Amino acid sequence: MNAVPPDAAVASSDRLRITEIFLSLQGEARAIGWPTVFVRLTGCPLRCQYCDTAYAFHGGEWWQIDDILAEVARHGARHVCVTGGEPLSQKRCISLLKRLCDEGYDVSLETSGAIDIADVDPRVSRVLDIKTPGSMEVHRNLWSNLPLLTPHDQVKFVICSREDFDWAKDVVAEHRLTDVCDVLFSPSFAQIKPSDLADWIVAERLPVRFQLQLHKILWNDEPGR
Ligand code: SF4
């Protein structure tokens, strides 16, 4: 936790369980490179084999939404990313997202794709994962989320193998995802060579964006960076 938690004795229905709030650079997706405040919510019902935030599965501290907003404001950045874990596994995440938008932040949400996104404020840019077979959580994809996507959103595939790449390519084509929003392909860290994925995308002329996670290159994925 990068900040002092609020008074735990204050009871309210406006509380969320938070693992950490910190300022860093956005490491991926459309807002890559912007100074960004990350609000990492605790808990996730999935167990992707490559998960790099397992420390957010448990623990955390209860925060009032007002206190979260004050902590975000203290960092003084325009971009805010609500992440996890799976942030939508806490229902009050919907209220937090709305309040952040009302405050005028440029808000993004990183979500696993396993939970309904229908109630997320339309001002939020939703970065929706589609879990590949290599993640070991492909059965968790909530396909009914896909028709809800808009050009303000983004879809992300973490690719673990050539088989994953071919599977993802078919999903993109079947759902015409590139007609709707940006589609991002990332190599699973240390599982395939990034250059192999880049070569496959170029060879197939896929209209998707290759991305490497900037925070892993800069800081080797330290928590809180
Ligand atoms: S959805 Fe995200 S936080 Fe949850 S297990 Fe998968 S990678 Fe980890």
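Think of each number as a place in line: the chain as shown, counted from 1.
The backbone N, Cα and C atoms fix where each Cβ goes, glycine too.
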Next item on the list: May I ask you to find which of ARG15, ARG40, ARG74, ARG92 TrEMBL records for the substrate site already listed with LEU25, GLN26, GLY27, THR83?
Entry: ARG40
Notebook entry, point to check: GLY85, GLY104, GLY113: which one does TrEMBL list with TYR50, CYS51, ASP52 for the S-adenosyl-L-methionine site?
Noted result: GLY85
Check: For the binding-site residues GLN26, ARG40, TYR50, ASP52, which residues place their CB under 6 A from an atom of ligand 1?
Finding: none
Next item on the list: Measure between the Cα atoms of every pair in LEU25, GLN26, GLY27, ARG40, THR83, the residues the record assigns to substrate, and report the largest value in Å, rounded to a whole number.
Entry: 14
Note to self: Cβ within 8 angstroms of the Cβ centroid of TYR50, CYS51, ASP52, GLY85: which residues besides those meet this for the S-adenosyl-L-methionine site?
What the structure shows: CYS44, CYS48, THR53, ALA54
Next item on the list: State the three-class DSSP label for GLN26 (substrate binding site), counting H, G and I as helix, E and B as strand, and everything else as coil.
Entry: coil
Margin query: Name the residue among the binding-site residues GLY27, GLY85 whose Cβ has the smallest number of other Cβ atoms within 10 Å.
Written below: GLY27
Check: Which ones in the same chain are close to THR83 (substrate binding site), with CB under 8 Å and 6+ residues apart in sequence?
Finding: PHE38, VAL39, ARG40, LEU41, THR53, LEU109, GLU110
